[in-house]
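This report concerns only the one structure given below.
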Amino acid sequence: MSTLTTTPSVGSRARRARGRSSTIARVVVLGAIAIAFISPIVFMIVTSLKTRSDATAVPPSWIPNPVSLQAFASILAPGTATPVLQWFANSMVAAALNATLVVITASLAAYPLARMQFRGKNFVFVIIVATLLVPPVILVIPNYLIVSELGWLNSLAAIIIPTAASAFGVFFMRQFFVGLPIELEEAARLDGANRFVIFMQVVLPLAKPALATLALLAFLGNWNDFLWPVYVLFSPEVQTLPAGLSTLQSANAVRYDLLMAGAVVASVPVLALFIFLQRFIIEGVSRSGVKG
Amino acid sequence: MSTKVGERVLPTGRARRPSASEPGTRKNRGTQQQGKATPWLFLAPYLLLFGSFVIIPAVLGVWISLHSWDYTLPNKPFVGLDNYIALFSPGSTVFGPFWGSMRATGIFTVLSVPLLLIVPLAVALLMSRKFPGRDFLRAIYFAPYVLGVAVISVLWRYLLDNNIGLVNHYLGLLGLPDDTAWTTSTPAAWVALVGVTVWWTLGFNAVIYLAGLQDIPIELYEAARVDGAGPWMQFLNVTLPGLKPILSFITIITLLASANMFGQSYLMTQGGPGRETRTAIYQIADTGLRNFQMGSAAAMSYVLTIFLMAISAFVFYIFREKQPKKEVRS
């Protein structure tokens, strides 16, 4: 966990001593909460490495005895009714394509909203932002019919394309573009470049951090989406991991070793993304609030 | 569609670059010289998706709700407001289940929102001053959120298992009752659903609060201290007013998120015991997409939406800006 050393405080010398002890108290409290926060995730991983009987043993133990990959071997084996490996591949493909679509369409749409004057601009922007406040529930039933009409039911298209209409993405990218200095774009204009070339060669390279943040948030959102996939993907072989976990749970109600192994498989990519790119994710989230 | 709305200037656009250039040229900077079609070409791919999967469904939903729309039957007769009337007629078959689910959503929202507003704020306040390891702790608090509702629900159903779960085991060690049926009895199920949700999303709200706290100028605190304000007075007179815009944002998104609760109930309690923890979203999805009574489900979704919009409007009203709008930070 974290160290308990303190940095010299910036306040007056009189306050420094008091500041140090209060910092220690602060870190102790926060550290205790942090341990409580992380332990369920640790226990999930621990259980996934247990044998079937060890996983339900009383009292529960924090150390698998023996350490076993049996649960993973069993859920990842080919030919089961709960094809976890296939779900993993489906989730990857869906989340990656969805994030790509979100980034492309949202950044393209955000650019004229940030930088061009045209009739209807504010109308379009207001409508897009207004839908941020519309509860997604009213879209579920009609979208089911639309997706069914398009022949996308029970296929990955159903979870890749409809959710790619990200109002948040447009809003987020527009805010970013508005904050960019305009001089580079003006210089490119004077050189005779057209708007699309400017967008591709001048604006997008500057927007890489925002694009990465948006891509990450879209990927996480799609990877973790639950309600929609549960209802539109009904065959085991097309499900994504969250929908699949639900199937796995109904099939193995108390096989906690298998359920935890499945949960670990569903968590590994997002936890890895989070560990390596947490700055982008957390800053993306915190900025969404400041802007809202 | 009226173009009048289009003429209105958004508050976000106004405060930008306040004195960057002389008046007159500002409007044209970087905005002139483009074909009429250019902006629409940029917008086209997004608007295609947005129109197809947001605007059309929002309108189509109304249409569906005015029909006896069974997905599995060829005839979908027009029934006017019958689906809505049924929702408000105590004798109808949908009345009990629908309002029962609205009640469940209400209970969950009332229990979870205050906790999700206060606890993350407390954590953010503890973290607002720099100390070694702060970013690390912030990441740990945030971590549950990246796992998604399916993972956390399956995980917690295990931890909350009455016989072999970790939670009851540790409660027993503390000398407390160790046989609580966390997922199959109320009120324990509410404690479980709310507790798990707080664990899951605390970090998300804390991160937003933290960003807001860092935007409050340190001079305000110093001035308050000079005036003799203690920590509590500083919190009331500096922190809370400074957080106002963030507070309204967090209140709204937390309310909407809680009112849209589905996965926790679906996976942890299966809506039980009985139908007690079956939320409105659960009921709507099941009615429309499991039993294919789409007309009724669409009507339910609009009733729920009207509730949510009324509550959102109320929150906006409470938090409305009384003083002139401050400059928007970039």
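Heads up, the Cβ atoms here are built off N, Cα and C, so glycines get one too.
Unlike curated entries, TrEMBL annotations are predicted automatically.
According to TrEMBL, the feature region 'Disordered' maps to B:1-33.
Taken from TrEMBL, the feature transmembrane segment covers B:46-66 (among others).
Positions annotated as domain 'ABC transmembrane type-1' by TrEMBL: B:102-315.
The transmembrane segment feature in TrEMBL is assigned to B:106-127 (among others).
Marked as transmembrane segment by TrEMBL: B:139-159 (among others).
Feature annotation from TrEMBL assigns transmembrane segment to B:188-211 (among others). Within its own chain, the transmembrane segment (B:188-211) is flanked in space by residues 107-108, 111-112, 115-117, 119-121, 123-125, 127-128, 138, 140-145, 147, 149, 152-153, 156, 160, 180-182, 243, 246, 249-250, 254, 257-258, 261, 264-265, 268-269, 272-273, 276-277, which lie at least six positions past its ends and keep a Cβ under 8 Å from the stretch.
Residues or ranges marked as transmembrane segment by TrEMBL: B:246-267 (among others).
Taken from TrEMBL, the feature transmembrane segment applies to B:299-319 (among others). With a threshold of 8 Å between CB atoms, the same-chain residues lying at least 6 positions outside the transmembrane segment (B:299-319) that come near it are 61-62, 65, 83-84, 86-87, 94, 98, 102, 105, 244-245, 247-248, 251-252, 255-256, 259, 280-281, 283-284, 287-288.
Long-range neighbours of the transmembrane segment (B:106-127) within the same chain, counting only residues 6 or more positions beyond its ends whose Cβ lies under 8 Å from a Cβ of the stretch, are 134, 137-138, 141, 190, 193-194, 197-198, 201-207, 209-210, 213, 235, 239, 243, 247, 250-251, 254-255, 258-259, 261, 265, 277, 279.
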